[in-house]
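The next block holds one structure in the form of C-alpha cells; read it before the comments.
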Amino acid sequence: TCFGVFNTSTGHDPTQSSIASPWFSTAFGLIGLCSNLFALCVLLSSSRKLSSQARSSFLVFLCGLVVTDFMGLLVTASVIIPYHFIKFAWAKVDPGCHLCNFLGFSMVFFGQCPLLLGATMAGERFLGINHPFSRSTSVSKRRAWTIVGLVWGFSCLLGLLPVLGLGRYTLQYPGSWCFLTLLPDTGNVIFCLLFALLGICSVLLSFIFNTVSVVTLCRVYHGQESVQRRRDSEVEMMVQLVGIMVIATICWMPLLIFIVQTVLQQLPAQGQTQVLPVETQKLLLIYIRMVTWNQILDPWVYILFRRAVLQRIYPSLRRPSLRPRPSIVSLYP
C-alpha cells in the first residue's frame, strides 16, 4: 500500500500550517510555469537567429531543460494544488495507489532529468572546448534532440522501477504528494540510494566538466592568447552552464544527502520501522521545497545570462578589436 509511511492524522496538526501552507505550492507553481514559458519563448526566438551549430545544439539542450522543468511543474501542481484546497481523502479517491504511483513517478522523472541534462550539457561543452579534434563535426540539432530523448528515456526507466517492484512510492507529509519511501527494507534502500547517488554523481560530473572548461577558457583569454578577441558565445554558454550547476547544487544536494543519510542510518532497524518519524517527514518536505526552486530559477539563468544582458553588465564584451577572432583550437598545435 502507498498509505503506510505517512500517518494522515499528522496532516491536520495546526502547528504544521506554516511549513505545509497551500500558498507555497500555489505560488511556486505559478511563478515556475510563467518563468519557464517566458524562457521558452526567448529560446525559440534566439534559435531562429543563430548560424553557429555549436550554439544551436546548446540551445537544444537548454530547450529540453526548460520543457522538462515546465512539464514537471505542470504535472505535479495539477495534483498537489487541488489537494490543498479540496482536501480529498487519498484512500477513497485512489484506493489502488495509481494516482500516487503516477505522482511519485513524476517527482522522480522530472527531478532526475534536469540533473542528467546539466551533466550532459557540461560534458558536451567539455568535449567542444578541451577536445575539439575528437569530434569530426559539431553536434547537430537532430543529434542533440536524440541525446535529450535518451536522457528522458533513462529517467523514465528509473521512475518506473517502483512500479516494476523495486521500492515503492508512498504518500508523504502533509498528505499532498507521493515520493520514494525512506524505510530500511531492501527494495526501498536500493531505490533510494540509486536515485540519490545518481543525482550526486550528475552534480559532481557537472562540476568537474565545467571547472576544466572554465580553466581552459581562462588559458585562452588570459594567457599567451590574451591578445586575441574573446569568443563571446563560448563565454556566454559557460556562464549559463555554471549558473545551472550552482543552482542545481544548492537546491538538490541537501535533499540527496538527506536521503542517503536517512536510509543508511535506519539500516540497523531493518524490518522494525514502518512509519517515518514526523521530524523526518517535515525535513523531507523542506528539502522538496528547495528542489522546487531549481525549476523556478533554471529558466532565469538563460534569461539573465544572455550575451545581450552580459554586454550591459560587462561592456568590454561588445568592444570591437582589430585583432583576429581566436579559435578554441589555438591551444592545440
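Positions of Cβ are set from backbone N, Cα and C atoms, glycine also.
Automatic, uncurated: that is what TrEMBL annotation is.
Listed in TrEMBL for this protein:
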{"type": "DOMAIN", "residues": "35-302", "note": "domain 'G-protein coupled receptors family 1 profile'"}
{"type": "TRANSMEM", "residues": "23-46", "note": "transmembrane segment"}
{"type": "TRANSMEM", "residues": "58-83", "note": "transmembrane segment"}
{"type": "TRANSMEM", "residues": "103-123", "note": "transmembrane segment"}
{"type": "TRANSMEM", "residues": "144-167", "note": "transmembrane segment"}
{"type": "TRANSMEM", "residues": "187-220", "note": "transmembrane segment"}
{"type": "TRANSMEM", "residues": "241-264", "note": "transmembrane segment"}
{"type": "TRANSMEM", "residues": "284-305", "note": "transmembrane segment"}
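With a cut-off of 8 Å between Cβ atoms, the residues of this chain six or more beyond the transmembrane segment (58-83) that come close are 22, 25-26, 28-29, 32-33, 36-37, 39-40, 43-44, 46-47, 50, 99, 103, 106-107, 109-111, 113-114, 117-118, 120-121, 124-125, 141, 144-145, 147-148, 151-152, 175-177, 237, 240, 244, 292, 294-295, 298-299, 302. Confidence for the domain 'G-protein coupled receptors family 1 profile' (35-302), expressed as mean pLDDT, is 85. Same-chain neighbours of the transmembrane segment (284-305): 19-20, 24, 28, 31-32, 35-36, 38-40, 42-43, 62, 65-66, 69, 72-73, 110-111, 114, 172-174, 177, 179, 182, 236, 239-240, 243-244, 247-248, 250-252, 254-255, 258, 276, counting only residues six or more beyond its ends whose CB sits under 8 Å from a CB of the stretch.
Sequence-remote contacts of a segment are chain residues at least 6 beyond its ends whose Cβ falls under 8 Å from one of its Cβ atoms, and for the transmembrane segment (23-46) they are 59, 62-63, 66-67, 69-70, 73-74, 76-77, 80-81, 84, 176, 289, 292-293, 295-296, 298-300, 302-303, 306.
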